[in-house]
Each structure stands twice: as structure tokens, then as C-alpha cells.
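Feature annotations, courtesy of TrEMBL:
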- 45-194: domain 'Coenzyme Q-binding protein COQ10 START' (DOMAIN)
- 213-233: region 'Disordered' (REGION)
Amino acid sequence: MSLHYDGRAIIIQDEKEESLCEDGVFIEIKKLGGNCRRIRSKIGIEASLDTVWDILTDYEKLADLIPGLAVSKVVEKNDKFARLFQIGQQNLPLGLKFNAKGVLDCYEKDVEILPHGKKREIQFKMVEGDFTQFEGTWLLEQFSKTKNEDNHEVIGGEESSHTTLSYLVDVKPKLWLPIRLVEGRLCKEIKTNLSWCRESTPDAVDCEGRFSGGTTSSLNHGGGGGGEEGWRLEGYLGENEEKFKV
């Protein structure tokens, strides 16, 4: 294992895992074998779980707020389920643009009450795209805090709320898409999007240093990879290409 500081972030590496901690965002990349990666990340937000949940599930407004997400459309919505069509867009050298497209199914789980707070999650899975596998979870955990007689914050109570937002994704691109390129793009987008979630809350604060380590698209608020022409998708995307063109 090696640990170094590149002037911006602390990076921990070994043969199978790589961790990055920068600007209050912790990201871990784990090799699962072959061309598959698991990316786990989290950030602390000084806001209630409900506040963060409302931001994440306002799906059609995400494209107005998240950098690199050009389109986010709800194509089907039922109780605790949403099917999304999203296009991630990045600027490339020489004035070129890179588009990544995908259809994701999102399953909104019920609130689970904890001894000192509560948690809730959104499970997602790509149903059309150039990934062999792209699925994971948004996990929100709220810990209520109050102050004791010495004016120190302690867990338990309703005076203020701290939410930990975690993002986990298992990703396996098709053979023509280099995994190192994909994981690099995803980690950059995940960091940006988690920071965006923190800054979008009414009482946004810098939570750098909240995590000491341990344990995130513009596809489901993450990133994507591919060629200059983006992903060539059949089925739903092919039939609706003109409707969502950017």
C-alpha cells in the first residue's frame, strides 16, 4: 500500500484498491476482476435527509443543476419507480463535444428508522447502454444532533440534522471501452455531483475532514465513456433519438 499527497488530495493505493479524499468527498475504487470496477463514495451534508432526497428525486430539474448533465427526462413514473433518459455531455479539445446516453430504472425505497436518525436509498440499474453492467445505490443516512450542557453537539435530538450521502456503483463497460478511461471519468463526475448536492442544500457548508476513510452519474448523476459520437443505443434510445437530441 502507498499513500501520497498530490497537492490537492490524499491518495491511497494498493494492487486492488485506490482511495481518494478531496474537498470532503471520499472515493474508493475496487477492482472486482476482469473489466469490472466498484466505485464507492460519500460526502457529509448539513441538511435533513428529506431535503437531500427532494433534490435527488426531482429528476427533470437535474439537468439544470448538475454540470455535464445535458438532458434528464422521466419517461415512466410509478409509485417509488422512475425510468430516466439521460444524456451526459462534456467538452473535448478542439471544440468537440462528447455525449453519453443511457436509460436507467430507479427504485425509491421506504424510509428506515434508526436509533439516532433514519436512512433511505435509491437503487438504480442501466437497462440500455454500452455498459455490460452499470448498477448501484444512492444511500442517505440522517443523524440528528443536539447540544449537551457543555454546548457540544451529540448524536440524538432534533435541533439539527446531518446527512451522509453515499453513492455506490458497479460498472463493467463493453470490451471496446477502456476501463481506466471509464473509471477516471466516473470518479471526476461523482466528485462533482456529490459536491453539487452539498452546495444545493439551503445551509451548504464545507464538510472537508468529516471522513477519515473507510467505507458516486452523468448517468444517474455520474459519468460515462465512449467515442466522439457517444453511445449507439438501440431500443428505446434509437426510437426517441430526435426527441431528446442536444
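Using the three backbone atoms N, Cα and C, a Cβ is placed for every residue, glycine included.
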Practice problem: Using DSSP, tally how many residues of the domain 'Coenzyme Q-binding protein COQ10 START' (45-194) sit in helix, strand and coil. | Solution: 34 helix, 83 strand, 33 coil
Practice problem: Please work out the mean pLDDT for the residues of the domain 'Coenzyme Q-binding protein COQ10 START' (45-194). | Solution: 84
